[in-house]
Every structure is written in C-alpha cells, then in structure tokens.
C-alpha cells in the first residue's frame, strides 16, 4: 500500500500532512535548543556555586583543608565542577548532533517536498488543459452536427417545396452536404482528442501521480526516521556522559566515606597541630594572712609578690596564660606596716574578697612557662610559640636547612670531581677557575652548619632533641663528628613528624614493672632514635606514662623498649 495507489485523489491531505511533519521538526529543534540553554545555564550556575564555596588561596578555609572533612568538601566541589563540565558536554553535543543536523536536513526536506508537490501540480494542470481542449472539440462537434442536421432539414424542405426552383434545391443540398462533411471532421477531431485525453488521464492517474506521491511518501518516511534518530540522540547524548557523571557521584561518595573513616585522624591532627606542651596548672594554695606573716611565693601558689613595682611589672611580663592574654601586675605599697600586711579597707570579709579577686583576675602560674621568652614578638627562635609548637617549628626549620646543606654538599662534591678531572686533563678546562665556586660552596656549608647548630641548641632549650644525622663536614666529606642535616620528612602519612630524639640510656636502667597496657590504634614507623615501631592492634606494656610531651614509654612483646605517640594508642591501666 502506498500513497500513489491509495491516496491518488488526496493531494490536499498529503500537502497538509507533510507540512505538519515539517512543523514538527522545527518544533523539536526549538525544543532541543531551549534544552541546551537550560543545560548551559545549569552548568554555569554549578560552576559559580563551586567557585563561591571553593577556598581562596591563602585563606583560612584553605589552611583548614589539612583535615579530612575539609578535604572531602573540597573534593566534592571539584567533582561538582566536573559534573558541570559534563552538563556543558551534553549541551554542546545536542546542539551539534541534533539542532544543526536537523536544521540542515529540514532545508533539504522542504526543497524535496516542494519539488514533489510542484510536479504533481504541474501534471494536474497539464491534464486539466488537455481536458479543456477536449471539451472545446466536443462542443464544436456538437455545434457543427446541429448545423448539419439543420442544413439537411432545409434541403428536404426545398426538395418537397413545389414552388422552389431546381437551383434552390441544388443549393440547399450542397449546403447540407458541406455541413455534414464539417460535422464529420469535427467528430473525428473530437474522437482523436478524446483518445488523447484518455491516454493522458491514464498516464496521470496510473503513472505520474503514483510516482510523485510515492516519492513524497519516501521523503515523509525519511523525515520520520531522521526525527526518530534525533529522539534517540537526545537520550544517547546524556547516556554517553552518565558513566562520567556516575564517577563524579562516586567520587563524592568516596570523599564522604573517607571523611567518615578519618574522623579520629582529624582529631589527632588537630592535637598535633595545636598541642602547646604546657603542663596543667596545679591547685592554688591558700595564703593565710590572719597570722600576720609574709609567706614566700612558691611555684604553685600566688602568694605575696616581693620587689619594687617596676621589677614586678617586668617579671610579670613573662607570665603567659594558655587561655588568656591577661597579665597580672601587683603593685605593693611601700608604706606597709611593720608586720608586712597591707591595710586595705574592706566592707566585708577580707579573706573572701581576696580569694574572689584571685579567682576573677589571676590564673595559676605554670612552671613549664619558664622556657618561654619575655616577648610576644615573632623571633627567630620561635620563642613566642607554646613549647610543643615551638619544637615543631624549630624541627621544620632544621629540616629546611638540612636540605639546603645537602644541596651545597652535593655541589661541592661535584666541583671537587670536576677539579680533579681538569687537573688530570688540562685540555678540558682550567682547574683554577673552579676555586671561587669551591670557596663559596665551602662558605655556604659552614654557614648552614652554624645555623644548624643554632637551631639545634634552641630545640634542646625548648625541651626536645632533634634526630640529627651527622653526615657533613667542612671538607664536604661524610663523617660522624660534624653537624649535618635532620632526617627527611618524606615519611608515610600515618607516622608523625619525629621532633624529639629520646635518650636511649633507659636500656641500662633498672627494669620497671609495667603500670598498664596500651593498644595501637594506628601504624607508626618509629624511625626516630629512642622510638619503636608499632602496628595497628599491637599490644604494649606501659613502662612510663606520658609526662606531657605527647610520648609514652612502652615495651613490646619482644622485650624492646621505646617511645610511641600517646595519641596513637588506647591506654588501659593494669588491674
């Protein structure tokens, strides 16, 4: 079944149907264009959103990204940015594979449809013109035949009329014969035109129109298939990026799970980052002024301060409290009574008043503060920092100097080798030209070694000892007597930075009875001197508890003793 055989007389219907197909293609193209605009706007908004919440370089948020939950959020922002890129890919692909292709195809489709309809119209007009010519021939034949019949009737009347002359009768017969002959010719013409028209009509309805309408049907079916391909491409475009979008979503899930599993690590990292190393303050001793005796100040009390006001002011500048920046300045009245007691005028119990004032304005003195400098200013020895943070900064500085020192030593060795080659082969270069560089390198090594000594002494002063690898000397050769670089920080992330070098003389000391047990929560390499390695789940005997520096002395199942990070184990007292 085809349009040419079944719809040969439905030209207007086919014209309207094919036009509606073109309109549908145009509507679909507009629909896809609007979809691409939505995708582009969505991607743009997603990019703006991720940019808004991405930490700026050097900002506080970027500094906090060392924690797993902060890193997870940054990873989520990165995945969302990639997700926005995939939405842009969808928009771009739809615009190229659907909108542009269908628009170009639509132009060709319109031209083919126009050609088919024009051919059908032209064939229809040709047939109508032939029919008009046939009709004119038929009407002429009809007219001539009537005239011939009328001439014959006149000839018969003239022949029967007794009054008509022979010439009149002959003339009437001649006219009748001429009219009859003309009518016969018109009849023959009409028959010929009728035969011609029937042939053209048969050609029109059985050949031309079926061919034109069949071609139009093919064009329409091709349009349907092309539009169907556009429908499929609409879905396939998004399906092709779904695996990538799925990976983005998997990345977000992975970041969330990583943050969930590293909650304890974030707490440990915060401890390592901000641990001050201060000892907890002791109890404030009661100062009994009722006995009339001036009690001496002790390390654990806030007794009467002695000295002149200026001396007391200077002395108290060095007292820093961990949770407040207040300074306690006590001015003593030089005109004290002989018993040394001040004579304030209280409207209520003087003892309760003094205790209240002490609790309100003064915090206990901390004995470990004696290692701090007497200034808040940032200094080269990092004395403005708490003990633990100061030790970390000093160790970090020593590591940097170690790297520079290693670089200078390597350069010095290279220059010595080059000098030796030049001395053995003078044609390759002048050995004397290397002397300035060798001298400069030796000077740099000596300077860095001095800085290393300086920072090492500050680290010892801060209460810790660095693990130093003595591997450098002034002659650029490795030995065990000259100061050198600190150990590299290129350790695994699950082991803390080795800030201390522990005394190993406890091996010769008397064995202590274990005071408890501890279980390792994380892996620890134990590459520093005085430490021992541990693995997650390993059980140790606690030999010496943490004294506030973050390290606990333990003994493993093999009998080896050493220090491990307190925050890396769970301690349980021995029953």
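Here the Cβ of each residue, glycine as well, is placed from N, Cα and C on the backbone.
Feature list (source: TrEMBL):
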{"type": "COILED", "residues": "391-425", "note": "coiled coil"}
{"type": "COMPBIAS", "residues": "146-160", "note": "compositional bias 'Basic and acidic residues'"}
{"type": "COMPBIAS", "residues": "472-486", "note": "compositional bias 'Polar residues'"}
{"type": "DOMAIN", "residues": "1-264", "note": "domain 'F-BAR'"}
{"type": "DOMAIN", "residues": "384-461", "note": "domain 'REM-1'"}
{"type": "DOMAIN", "residues": "513-574", "note": "domain 'SH3'"}
{"type": "REGION", "residues": "146-165", "note": "region 'Disordered'"}
{"type": "REGION", "residues": "469-495", "note": "region 'Disordered'"}
Handout entry: Chain residues outside the compositional bias 'Basic and acidic residues' (146-160) and at least six past its termini with a C-beta under 8 angstroms from it
Key = 168-169, 171-173, 175-176, 178-180, 182-183
Problem - Summary of DSSP states over the compositional bias 'Basic and acidic residues' (146-160), given as helix, strand and coil counts - result: 15 helix, 0 strand, 0 coil
Exercise for the section: May I have the DSSP-based helix, strand and coil counts for the residues of the domain 'REM-1' (384-461)? Expected result: 72 helix, 0 strand, 6 coil
Practice task
Summarise the domain 'SH3' (513-574) by DSSP state, stating how many residues are helix, strand and coil.
Solution key: 3 helix, 29 strand, 30 coil
Practice task
Compute the average pLDDT of the predicted model within the domain 'F-BAR' (1-264).
Solution key: 89
